[in-house]
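Working notes, beginning with the structure itself.
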Amino acid sequence: MTLWVLGLNHQTAPVDLRERAAFAGDALPRALDSLRILPQVREAALLSTCNRTELYAMADDPQTLVAWLDMHAPGLSGYLYQHRDAEAVRHLFRVATGLDSMVLGEPQILGQVKDAWAVARAHGALGSGLDRLFQQTFSVAKRARTDTRVGANPVSVASTAVRLAQESFARLNESTVLLVGAGETIELAAKHLSEGRVRRLLIANRTLAHAQTLATQHGGVALPLTELDRHLAEADVVFSATAAREPVVTRVQVEQALRTRKRKPMLLFDLAVPRDIEASVAELSDAYLYTVDDLERAVEDNRRSRREAADQAEAIIDLQVARYVETLQANERQAPLKRLRAFGDSTRDELLAKARQQLSNGKPADEVLEQLAHALTNRLLHPPTAALRDAALNNDLDLTSAADRLFPEKPGYRHPPVATPIVRTDDANPAP
């Protein structure tokens, strides 16, 4: 089995394609279930965020994985990147460390990788191979972020959006801000907004209790999502990041809100994939819509300033990839020995138990021992004997040469005879 990663991200695919490829809510467990039944796939995990969808798998053939992804979202194949074995390990280490993120060093991705691991594990999609890889990934990411400044004062997509809002509204503290959703991205936006102060903070969410929790923490007002129409016109700035499959803010809603506002400008940040705000909202005058792709350009300065720390983190990852691959190779070399030892031990235990049962049933010990010896010999030598017979028929010189090394001939060699004790008697000793 080979380790594969196939995926697309903000660098390889536009947002409309990424939102079609995303696995949100219950779609992720269902996708893992459909992967598990593929005979070519032994283990699998799915990482799905607003900026990437990636499939990690232990599988024979990547084309099976490509076909599965293309069935989920037709048209993906031309945008996919693909890594195997050591490069797949390196990719996951870089992703979890934040080196492959839109915002270099952003901290949220490590939690998202942990979530992907936890969901795959809970649904029985992980085996020892991927489980060990993810555990090592968490360790490497922690070390890279501890030993370098790649994670120092991280700039997230949410904080970048808040900064743009502050630059667009010189007096954001006199503005009303509406947050749609209550997940991690909205939590970060609420945190940054409360630090900078806003006149009024509205938080709308499908589950009102979650919105109330955020509102209590950051001095906002919680609203059920069903009341979005009534309050949208109050917002000077809107941040939206839900897990909905369809837009929660439509063009019709924004048009109505702008009329109510008497064309007073409205700034909207769509931080979700799939998108929360209909793309055609950008066509409306007085509505200024930013998507996650727009924010990538805004964070490029941050990426350059953190490049030195990233180079240090890359060096740590290079070392850890080499060590991880070396450990895997050592385990692979030991695997045949472990299987051979396990086969010998299980055969011995099975036949020994049978011999003991025969002894307890009163069978003569000599007969039991002879049968045990023959059975052990036959059981242990049958697999290599059959393999060597096939090798001879197929002219497999590698296997026959290996057998010569394993069982060398020693002409003239004989096992030393077992010494028989000499019992002296009076008759055997002549009289002096």
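The backbone N, Cα and C atoms fix where each Cβ goes, and this holds for glycine too.
Mapped onto three states, the DSSP output places Cys50 (active site, nucleophile) in coil. Summarising the annotation, Swiss-Prot assigns active site, nucleophile to Cys50 and lists sequence analysis as the type of evidence.
Taken from Swiss-Prot, the feature substrate binding site applies to Thr49, Cys50, Asn51, Arg52, Ser101, Glu106, Pro107, Gln108, Gln112.
According to Swiss-Prot, the NADP(+) binding site annotation covers Gly181, Ala182, Gly183, Glu184, Thr185, Ile186, on the basis of sequence analysis. Around the Cβ of Ala182 (NADP(+) binding site), a 10 Å sphere holds 26 further Cβ atoms from the protein chains shown. Reduced to three states, the DSSP call for Ala182 (NADP(+) binding site) is coil.
Here Swiss-Prot flags 408-432 as region 'Disordered'.
Neighbour count (other Cβ atoms within 10 Å of the Cβ, all protein chains): 22 for His91 (site 'Important for activity'). The feature site 'Important for activity' is assigned by Swiss-Prot to His91, with sequence analysis given as support.
For the recorded substrate site, residues Thr49, Cys50, Asn51, Arg52, Ser101, Glu106, Pro107, Gln108, Gln112 set the reference point as the centre of their Cβ atoms, and the other residues of that chain within 8 Å of it by Cβ are Gly98, Met102, Val103, Ile109, Val157. Secondary structure from DSSP puts His91 (site 'Important for activity') in a helix. Here Ser101 (substrate binding site) is compared against the binding-site residues Gly181, Ala182, Gly183, Glu184, and the shortest C-alpha distance is to Glu184.
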